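See below for the structure under consideration.
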Amino acid sequence: MSSVHAIFITAMSLYFVFWSDLYSDQYNGGPITFRSSPLSTFALGVSVGYFLSDLGMIFWLYPALGGLEYVVHHTLSAIAVGYSMYTGEGQLYTFMVLISELTTPEINLRWYLDTAGLKKSSAYLINGVVIFFAWMVARILLFVYMFYHVYLHYHMVIEMHPMGFLLVFTVPSVLGAMNLMWFGKIIKGMMKTLAKRQ
């Protein structure tokens, strides 16, 4: 379920952030922080449904599917995505953060390879390298870009409802800190795997 959601929302997010005119500065549709469409709202609705159902599974099987960090991640994600879907505010920044779901299929594949006893295989190593680069781009560099975009469009961000304004800064900051923490673990794991190979 998480890989299907990740592929769907990554494709939708990439479309809205980089190819759609909806959030373009050249589009004359008012402040970008208040722009939405039926398709963008639908995509966010799918994401809210995923985060809530996955959060339910995490609670049901706690802590087998993840500890407190997964509860925090999914709770913040569901609140921010739900707010953006319901109000139409800050959808561009929500999609920028959701591009980070690009890393989910690789993380899931890592688990499958490990479970299948293929931890010493070339596929496991290649997947680990892909995770490293995908994580760096989608969960580190893209977050920097998002905050830079917020800085450039602060005059529009400040017009948002206080709750939306708070979510634009708080949720990506917390998720970004978690991404850096997890990236440190990815680097350690990759170094350990590469050292074993030599």
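Residue numbering: from 1, along the chain as shown.
Placed from the backbone N, Cα and C atoms, the Cβ positions cover glycine too.
What TrEMBL says about a protein is an automatic prediction, not a curated fact.
Remember, predicted model here, so these are calculated numbers, not experimental data.
Looking just at the domain 'TLC' (1-195), the mean pLDDT is 96. Per TrEMBL, the feature domain 'TLC' maps to 1-195.
TrEMBL lists 6-22 (among others) with the feature transmembrane segment.
Marked as transmembrane segment by TrEMBL: 42-62 (among others).
Per TrEMBL, transmembrane segment is recorded for 125-151 (among others). Cβ atoms under 8 Å from those of the transmembrane segment (125-151) belong to residues 92-93, 96-97, 99-103, 106-107, 109-110, 113, 157, 168-169, 172, 175-176, 179-180, 182-183, 186-187, 189-190, 193-194, 197 of the same chain, restricted to positions at least 6 beyond its ends.
Here the transmembrane segment (163-183) has long-range neighbours at 33, 69, 72-73, 76-77, 79-80, 83-84, 87, 89-90, 93, 97, 100, 135-136, 139-140, 143, 146-147, 150, 157, meaning same-chain residues at least 6 beyond its ends whose C-beta is under 8 angstroms from one of its own. As annotated by TrEMBL, transmembrane segment applies to 163-183 (among others).
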